[in-house]
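Below: the structure, in structure tokens.
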């Protein structure tokens, strides 16, 4: 439910929403995480959301995520 609230907040904001599907065990996800954090700082007009696929498995399934990292816009 918190996920749906965050997604709705992004839609309501009229900002570009970037969703990062990630996992704690994903090496490439750990490498790209600081880059995405820097993007978020530099681009306040973009909303960055992070989804841990192990914690929110149903969200990942709903979005047909099969590999990490996966980015949706």
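Residue 1 is the first one shown; counting continues down the chain.
Every residue, even glycine, has its Cβ placed from backbone N, Cα and C.
Features reported for this protein in TrEMBL:
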- 26: active site, nucleophile (ACT_SITE)
- 29: active site, nucleophile (ACT_SITE)
- 26-29: disulfide bond (DISULFID)
- 1-73: domain 'Thioredoxin' (DOMAIN)
- 20: site 'Deprotonates C-terminal active site Cys' (SITE)
- 27: site 'Deprotonates C-terminal active site Cys' (SITE)
- 28: site 'Contributes to redox potential value' (SITE)
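Broken down with DSSP, the domain 'Thioredoxin' (1-73) shows 34 helix, 17 strand, 22 coil.
Under 8 Å, Cβ to Cβ, and six or more positions away along its own chain, residue 26 (active site, nucleophile) finds 68, 69. Cβ neighbour count for residue 28 (site 'Contributes to redox potential value'): 11 (other Cβ atoms within 10 Å of its Cβ, all protein chains included). Candidate recorded positions: 27, 28, 29. Nearest to residue 20 (site 'Deprotonates C-terminal active site Cys') by Cα distance: 29.
There are 9 other CB atoms within 10 A of the CB of residue 27 (site 'Deprotonates C-terminal active site Cys'), with all protein chains counted.
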